[in-house]
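Since the structure comes first, as C-alpha cells, the remarks are kept for the end.
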C-alpha cells in the first residue's frame, strides 16, 4: 500500500520554491443559485469544500505569521491541482473575510484512487432470488414507503481496476461514483497532500492545516435543505427525504431506511444505526418480560408475609432495633421500614430470579443474531474484505515513519515510526497512565463512601428533629434514604466531571501511542475509554451490591473505616432497594445529560448563528455557506454514541436482577435516541466524511465480555444482595422441625427468626446512644440478617447453623445458576451460525463472477493475441520452406 501511494503521490510532493510555479484555483462569483451543487459552469460537481479566512483582511499584528499561513495554503492548493483535482474559489456572501474553495475530482482521478483504495464497484446486477421472510407481512406497516425512498438495486461487486473498466457496470460516468464515494476519495487525497517541508520532514494533510488554523473548515456538502426539496431538478434531495422519512419524530415507530442512510452517510454511520435499531428491537422482548416480572411483584406484594410482619404493630411494632451509628443514633422501631419493605417485595420476588435467568439467555441471543445481521450487512455493503484490502494508513502515522526496518515476509526495507524498544516504552507509558486514572476513579468512589458514612451521622441526629411534625414525610424520608439519594447525586456529578477530564487524557494517550490505521486508533481509544467508564459508572453500583453491609461486625464489635467511620449497614431487607435507586438516578441522569449535551447545545448554537446571520443580511446564501454555519461533527464521530449505548447495555444486563424495568426504560430511551441522533445528523451538523466500517469494532468483544460478567453479577445479586436465599432456606428448612416450630412449611416467623438478638448492656461506651433508653427491654435486634447466637448462649454472638446453611445455599445457587446459563449460552452459540446460508451463497456467487469476468476475460484476450501471433509464425515458417515456383 505504501509503495502504491509513493508511486502515485511522491512525484507531486515537495514545496514549490518560486511563486510563479504555483497553480492557483479559479475565481468565480456566486450565481444566486442557493441549491446548486456544481461549479459556476454548472457541469463539475462539488465534492468537497475548504474554508479559510482571507489573510489580507485578518485583524492581527503578526503579518509574518499571516504570510507563512498564506504560503502554506497556496502550496497546498497548488499540490492539490498537481494531483488532478480542480479548484474554484468564491467569496462569502455574508462575511467578506471568508473564502470558500470548492473541490472537484474528475473521472480519471476518481478511477486512479478508487483502484489505490480498493473500492468495490458494481459488476452486474444481483441475480440471486431472495425470499421474503414469513413475518414480512407483519413488518410492512412499519417500513418506509418504497414510493418515496426506492429500494437500492443490489449488485455483485469487485475491487475497481482501471484496466478492467469495461467489465464494470457503468450506465453513466457521472453517477458511477456516488457522492459519498467521491467525497471519500477526495478526502483521502486531501489527507495526504503536502504543504511544507521542514528539516527534511514533510508536513501534509488537511487535518494539520485545520489544527493550525490555516483552514477553518473542510466538509462535503449536504445535497439540499432538510425542510424542503432542492430547486435543482437534477438533485435527488436525499437529505430532505432522510429528514422526512427517518429523522422526523413522527417516524419513531417505523423501521430505518438503512441502505439509504448508508448511501448518503457511508457505511460507518449506517452500521451504527443498524446496530442501534437491532438492539432496540431486541429490547422489546426483554422489556415485555421485565414488565411482566414487575407486575408479578406488584401482585405478589399483598401476599408478602415477611413484609406484613414488619408492618404488623404486634410483630414489627414490638421489635426494637439497635442503633446504626455511634452516639447520635438511637434505638428505633422496625415498623419504620414498613414502606421500604413493601417496595422491596416488588423487586425481591421469584419473578426477579426468572427475569435474571431470562436476561442471561437474551443477551446471548442478541449477540448471536447480531453477528448474523452484521454478516449480511458486510456483504450487502461490500465490507467483507475491507480491513484486509481497503483500509489506509493514518496520515499521522505516515508522517512519523522515520525508522527503517526489514520486513520479515517481503525481506524489503520499510519505514516505521518507532523501533521495538520505542514501542515498548509507548505501551508501558500508556498502560501506566490508564492505570493511574482508574486508581483515581476508585479514590473518588472511596470519597463518596466516606461521605455516606459521615453524612449518615448528621441525618440520623438532625433529620428526625426537623420533620418531627410531619409523619407522612418521616415515613418515607429515613436517614438511610436521604443518605442514599444525596450520595447517588454526588456520585453522578463526580462521574460527569471525571468523564470530561478523562476524555481529553484518553485522546492524548492514544495519539502518543500512534496506531497505524483509523480502526486501530478507534479500537485503542475505545478500550481505554470503556475501562475508565466501566470503573466510573459501575463502581458505586458494585459497592452497594456486593460490599455495603457485608463487613460491619455486630453491635458490640462494629467495624470502622479508617479507624473513625463506622461501616454503613443495609436495611433489614438488604441493599437491593438502594441499588435500584442508584441505578435509576445514574441511568436517568445520564440520559438527560447526554440529550442536553448532544442535541440541545448544537441546536442553541445553530439558532444563535442563524439569528446573527439574518441580522447581518437578507441575501441569498449558497449551499456551501449554509453548511459552513452548521456544527462540525468532531474528530471521533459516533464514538460517544456507541459509548453511551454500551454503557446503557451494561446497566441493562449487569444489574437487571435489581431493576426489571431497566429494559423498558432503555427501550423508551433508544426509540427517542435513534430519532434524536438522526435529527442531529440531518439538521444540526455538517455532513460527515463518508467512511467504511466492516463492523462495530471493539464494541463487539466489549459487549461479549459484559454478557459473560452479567451472568456472574446477577447470580451474586440474587444470592448476596437480595433476601431470596435466606427466605428459601427458612421456608424449606428452618420453619419446620427440627429447627422450627411450625407443622408445615411457611414464611411466618421469618422476621423474628432472622434478626439476631443483642444485649444492650454489651454495647461499648463509644457506641451507646446519647439519648436515654426508653422502656424496660434489655435487648435489641441487629439491623441486618447476620444469624448469630443470642446472648447467654455458650457461643453468643457467633454465627449459628442458620448462617452456614444460608452461606452454603448462596454459593450453591451461584454455581448452579452460572453453569446452567453458561451451558445454555454455549448451546445457543453453537446452534446459531454467525453467517447465514443465504449470505454464504451470495459471497460464493460474487467470487465466482469476479473470477469469471475479470480473470477469464484476460485469459480470452491472451489466447486471442497468442493465437494471432502463432498464425503469423506458422505462415512465416511455411513461406520459408515452401519450394520456389519455377
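Placement of Cβ uses the backbone N, Cα and C atoms for every residue, glycine included.
Among the features that TrEMBL reports, domain 'Anoctamin dimerisation' is placed at 38-258.
Positions annotated as domain 'Anoctamin transmembrane' by TrEMBL: 261-846.
According to TrEMBL, the feature transmembrane segment maps to 272-299 (among others).
Residues or ranges marked as transmembrane segment by TrEMBL: 350-370 (among others).
What TrEMBL lists as transmembrane segment is 435-460 (among others).
Summarising the annotation, TrEMBL assigns transmembrane segment to 481-502 (among others). Long-range contacts of the transmembrane segment (481-502) within its own chain (CB-CB distance under 8 A, at least 6 residues past either end) are made by residues 340, 437, 440-441, 444-445, 447-448, 451-452, 455-456, 459, 463, 529, 532-533, 536-537, 540, 568, 578, 581-582, 585-586, 589-590, 593.
Through the fold, the transmembrane segment (645-667) approaches residues 276, 279-280, 283-284, 286-287, 289-291, 293-294, 297, 347, 351-353, 355-356, 359, 363, 530, 533-534, 537-538, 541, 545, 576, 579-580, 583-584, 586-588, 590, 673, 699, 702-703, 706-707, 709-710, 713-714, 717-718, 721-722 of its own chain, all at least 6 residues removed from its boundaries and within a Cβ separation under 8 Å. Annotation source TrEMBL lists transmembrane segment at 645-667 (among others).
Residues 271-272, 275, 352-353, 356, 359-360, 363-364, 367, 374, 519, 522-523, 526-527, 530, 545-546, 550, 576, 579, 642, 646, 649-650, 653-658, 810-811, 813-814, 817-818, 821-822, 825 of the same chain lie 6+ residues outside the transmembrane segment (696-720) yet bring a C-beta within less than 8 angstroms of a C-beta in it. For 696-720 (among others), the entry in TrEMBL reads transmembrane segment.
According to TrEMBL, the feature transmembrane segment maps to 811-832 (among others).
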Remote residues contacting the transmembrane segment (272-299) - C-beta distance under 8 A, at least 6 residues beyond either end: 255-256, 258, 261, 345-352, 354-355, 358-359, 362, 365-366, 369-370, 373-374, 377, 638, 641-642, 645, 649, 652, 656, 660-664, 666-667, 670-671, 673-674, 677-678, 696
Sort out the residues at least 6 away from either end of the transmembrane segment (811-832), same chain, that have Cβ-Cβ distances under 8 Å to it, and list them. 356-357, 360-361, 364-365, 368-369, 372, 707, 711-712, 715-716, 718-719, 725
Are there residues at least 6 beyond the ends of the transmembrane segment (435-460) whose Cβ is under 8 Å from a Cβ of it, and what are they? 324-326, 328-329, 479-480, 482-483, 486-487, 490-491, 494, 498, 502, 505, 531-532, 535-536, 539-540, 543, 561-562, 565-568
Taking every residue in the domain 'Anoctamin dimerisation' (38-258), what is their average pLDDT? 85
